[in-house]
Structures are given as structure tokens and as C-alpha cells.
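Colleague: Okay, these came from Swiss-Prot:
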- 1-340: region 'Interaction with DNMT1, DNMT3A and DNMT3B' (REGION)
- Ser21: phosphoserine (MOD_RES)
- Ser76: phosphoserine (MOD_RES)
- 180-217: region 'Disordered' (REGION)
- 182-195: compositional bias 'Acidic residues' (COMPBIAS)
- Thr339: phosphothreonine (MOD_RES)
- 340-426: region 'Disordered' (REGION)
- Thr345: phosphothreonine (MOD_RES)
- Ser363: phosphoserine (MOD_RES)
- Ser366: phosphoserine (MOD_RES)
- Thr367: phosphothreonine (MOD_RES)
- Thr487: phosphothreonine (MOD_RES)
Amino acid sequence: MGQTGKKSEKGPVCWRKRVKSEYMRLRQLKRFRRADEVKTMFSSNRQKILERTETLNQEWKQRRIQPVHIMTSVSSLRGTRECSVTSDLDFPAQVIPLKTLNAVASVPIMYSWSPLQQNFMVEDETVLHNIPYMGDEVLDQDGTFIEELIKNYDGKVHGDRECGFINDEIFVELVNALGQYNDDDDDDDGDDPDEREEKQKDLEDNRDDKETCPPRKFPADKIFEAISSMFPDKGTAEELKEKYKELTEQQLPGALPPECTPNIDGPNAKSVQREQSLHSFHTLFCRRCFKYDCFLHPFHATPNTYKRKNTETALDNKPCGPQCYQHLEGAKEFAAALTAERIKTPPKRPGGRRRGRLPNNSSRPSTPTISVLESKDTDSDREAGTETGGENNDKEEEEKKDETSSSSEANSRCQTPIKMKPNIEPPENVEWSGAEASMFRVLIGTYYDNFCAIARLIGTKTCRQVYEFRVKESSIIAPVPTEDVDTPPRKKKRKHRLWAAHCRKIQLKKDGSSNHVYNYQPCDHPRQPCDSSCPCVIAQNFCEKFCQCSSECQNRFPGCRCKAQCNTKQCPCYLAVRECDPDLCLTCGAADHWDSKNVSCKNCSIQRGSKKHLLLAPSDVAGWGIFIKDPVQKNEFISEYCGEIISQDEADRRGKVYDKYMCSFLFNLNNDFVVDATRKGNKIRFANHSVNPNCYAKVMMVNGDHRIGIFAKRAIQTGEELFFDYRYSQADALKYVGIEREMEIP
């Protein structure tokens, strides 16, 4: 028993040594290969340069070149000094005029930065990428600063570990190299040095054969366990095993992944269901900023099932032409039956959205079929969280039983098809391609029974053919809930009075500081009211248009009904420190004249980007400053303060470095995030601090995002430098800003 325990203890240690030894060998081999590649490339480039030089020399020999006359004297030029250049060789002396350059004041120091026009969210840096150079004076005053800085990153510094770098190529080579060892080699430490050298030579002789031939069997688990122990940041042993499988699987050229849907515009387009066609769209598209893979919202809101009224989807009762489907017998009755079925169907809230993923061993049918599994909503967006547990699964099963229709996007399948009145004329036998069928299923969830509009969008089918295809697919397309079911009541004046009072109550709870404002995340609690457990209510935020709650939610912000400029506290939006929403505020002009600068609403400047022209020049106070080109009026929007959006913890780590540089561009956005314009930002970052500023900053809610706006505190003339209050403490103000600009005497 004693020997067995000793051997089991020595096994992992031995494998760790092997991992380190093979890793160092592979790294050294990679460096040698890289050096050989550099030498080969250098020789090749050198040869090309020599060949090109020889070609140019031959061309110059054939050309006639006019000789240059050497100036021997400049005495004829008055007020100039001469400078002669002589040589010990047989070259004549050269005399040229000497011109003196006057001293020029140097420009202020500026660190490199990347220009941005909107905020950019970044992840926290848990590893110190480089140790900043502070100068000898800073280190002499505070010798422990570097040590404390490294402690803030838990001692993780980029490049300080000998075995810190491993990419996919080295990982595969390392696993293959470790696979040469036998399972009986765990007690190599007890062997003689001569025997160990012989084994090492045998391994080196077999490495060439190993590289040419693929491994016969999958590597043992102990190999991945040893690699995981040496590189814990690369994942567990199971994760490394899956990664090795993915990297070593041989893929055929041009083969698509098992979960990939062919391009709808390509020759291999297939007829697939709506959720499969829109899976990438729902996964990558951000519904808050209307971009793919946006860099501002890590959480993508799920599509709101409460549909707005849209004139594009309104059904036109007039036929589009003599061949319109409405001339067919039974067409109008069929459309009326669809509308009646939609009105009968109440809107159901989905039980929760998760990122849909198809199993590897299954594929969706090319033709629609009725299936209980397909009624599950798979075209999900990025999830806010993952629910686990038996209780949650029971709830999901109960919700699945209740759900017969998914949402307004018609992602589910209905088992009660609508019967069509038989037509006198037989339907046309038209073949639909996979792309056309998939496009029809995508559009039917938006345009419903507006077959003329769907035909115009498809482009290759008439509205009659679209209508007949819709009748054919009636058994698998669910009736969509009508948009009139959730229409709010018409008593808007009383509702807005209550909301104005509600806004004042919320505003009284906040003192205007960004430290008491929390970041907004859309709430998503199906069939649950927005009570004390709602995340929006907990954070004292209003429910926005991105939330999944009902439009009758008591915490939902309704917008304003102003007919003025929305620049006083009489406007609910202005009172709540938020810009007017063009989707909610329909009477103040926020939704009108989007391309025009003459907008009646003055509370939508940040979202429109109505910034002023700013000029960058040396400041009269310190370093660089920003100046206004055109005059602005009091309370007029000047620019948005843009930069990287980082967490409060990351801001604390960066701030300690910025304090030593005595230069900081950190700006509190809310209680969760900070805007840092040090590395990325716009020109307003150069606005200096003043206790008597001509601008002020205000954090506003703009379409669900907190953004920082810089406004004029008074009327500013052309060419004035912009200042705003950094809200320094008295000690910090004396420490960082020792110069105050001179006040102009009127």
C-alpha cells in the first residue's frame, strides 16, 4: 500500500515535469523556426533589392543627366552669411548661404488617443499589461507604488510567467508530443541517468514519425489534466479535451458546420423554418442601437411582443391589379378569417428566451411539419441569465402546455389550421425555391395577410401565388395575436398627469449625482407585474420600450405630450433628466424632421448628434484646451463626452495610475460604470477644469442609455475656451489645477 501511494503521488508531478519540458522544447523549436523564417525572408528581400538596384543602375546609365553647378560664392547676396564645405579629397569646396532658424515654442505634451464619436464598452483588465514608467521622482517619493499596483491585479502581470503563453498550434503539438509517453513511464525518476538518456533519444527519433503520421488513439485524460494544472487559465481538463477535438477534426474544404444554414441568396439555399432563418439575426442584432454585434450593449434585449401600429403592415383593401389575389373567390373570406382568428388569440408571453442551438445529430426538415418540439422558441437573443433547477424546469413545462402561440413573430406551429373556402379556379402549380419559401415564412410574421406587400418584397412571385402558398401552409403557420388586443386606453391626459407626479417623486429621491443612478437593464419577467421584485423598480429606473412588461405597466415611462421646446421642468422628460424619445414623444417634434437642424424639441440633441464645431489648441491654463468656433446660447448642447465605458472596479485600478500622472479623463456615468476618455474619446476630453466654468456636464438617459452631455452654462462667444467643473475636492483642486484662467472684465 505504501508503494502504491507513493507512485500515485509521483504520477501527477512527473506529468507536470513532462508538460514543462515538452512546452519549453516546443517554444524553443518555434523560436528556431521563426529565426530561420526571418533569415530566409531577409535574404529573399535582399536579393530583390539588389536586382531592383541593378535594374535602376542600368536605366540611369542610358539617361542623359544635366550636371549640377556647384556654387562657389554667395558674396553677392547682402545680409547673408556663408558656410563652406571642404573635403580632403579632390572635391571642390562648396559655399552655401547660412540661414538661422529662430527658436519656436514647443507644443504641449499629448499622449496618443483614438478618436470616438460614441461610447465603447470594454471588459475589465484583470492582468497588468505593462508596468507604467513614472519617472525617478515619482518612484523616489513612493517606492511601494509599483508593488501596490501589481497587488491590485492580484499579482498578474503580462509576460512574467515562463509558461504563460500557449496558442492553439502549440497546444496541439504539446498534446501530440505528450502522447508519445507510455503509461508505465510514471516512475522515470527512479531510473538511472543512462536509461533516461536512452529513452529520451528514442523519443526524439520517433518524433519525426509522429509528426508525419496522425495519432492512432486519442490522448489519455492525464495529459489534459497535466496541461490544465500548468495552464489553469486555459480551462479545465474536459474543456481542453473538447478544444483538442475541435482543433484536430479534419474538415472538408467548403463544408458547413452542422448548425449552419446556407445563405438564402446562394445556390444551396434550403427551405427552412422562420426561427432557423432568423437565428443569426436574433442572436447578433441589437434592438437598442439597431446594429449587429454592437459594442455598447453586452446584453441584447429580446424582441418586444407588443407590436406598434405600422402603416407598412396595414392591409390595403384595394386590389393591386387585375391579377390580384383578391379577385379569387374565397380570398376575402380567407383574409377575414385570419383577422378574426388573430383577434380571438390573446397574446402569450414566452416563458423565457435562451440562445437557440440545434443538436449536432439532428437537422431541421426541409419542408414544414407539425411538431411539438418546433413550437419551442429557438430564435432567441442573448440571454440575461441561465435558469437551472428542477423547479424551473417544472415551470417551463407548465408554460409550454399553456402556450399555443408564441408571439407576434409567429415562431410556433399551430395544430388548428384555418379552412379555406374552395376556389372555382384551380390553384397554379408554381414551384417555390428554398430561398423563396424561407423568405415567405420570415415575412409572414411581420406582414400577416398582406400578400400584395409580401409579393413585392419577394419580387419573383405574384400576390396570387403568395396567397396560394399561404393557404398550403395554413396547417403549420400559427395565427398571430392582433396588435389591437394590447392597445392602451385613450385617457392620456389623466395618465400623463399621474406620470408627471410620479416623475417628481422619483426625482426627489435622487440628488442629481450620478452615484445614485444605476445602469438600466430591460426587465423580462413573463406574466409578472413590475412590483418590488422588478429590476427596474429596484434600481429606481423607469421601464423603457425595451422591457418585456405590458404597455399598461405602472412603471413604464410614457413620454411627454409637450407642444413647446421641452426645456423646462414642465416637460416630464426634462424633469426626469432624460431626452425625449421619438417613439414615445409624438407631439413635441422629437420624431419629426430627423435630417433637419430646425427641430422644435430642444431635448433631443445628444441622440441626434447636434454637436458644435470645436477647435483644439494650446490652452491658456494647462496643456491643451478646446475652443468653440461658433457662438452658443445658454443651456445649448455643445458636445457629448465619449470614451470607454468601464466598471467602477476597473476605474479604481486605472485611477491610481492616472493620479500619479496627474492627468485623468475619468467621468462617473452612473453607480455601475465610468467613462474613461484616456485611450479613446472625442475632442471635448481636452476641456479643462475651472471653478468658474462656462459649461456644465449632465448625465442623461437617452433611449435606455446613460450619456454625458456638455451644455453651455452661459452665452459663449466665438473663440472662447471651454471649461467645466470637474467636481474636485478642495485638496485635489489645489493639487491638480494650480492655474485659474483670468476672468474677463466686461
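Quick reminder: no glycine exception, Cβ is built from N, Cα and C everywhere.
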Colleague: By a simple count, how many Cβ atoms lie within 10 Å of the Cβ of Ser21 (phosphoserine), its own Cβ left out?
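Modeller: Other Cβ atoms found within 10 Å: 13.
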Colleague: Kindly state the mean pLDDT of the region 'Interaction with DNMT1, DNMT3A and DNMT3B' (1-340) in the predicted structure.
Modeller: 74
Colleague: Per DSSP, to which secondary structure element type does Ser21 (phosphoserine) belong, with helix, strand and coil as the options?
Modeller: helix
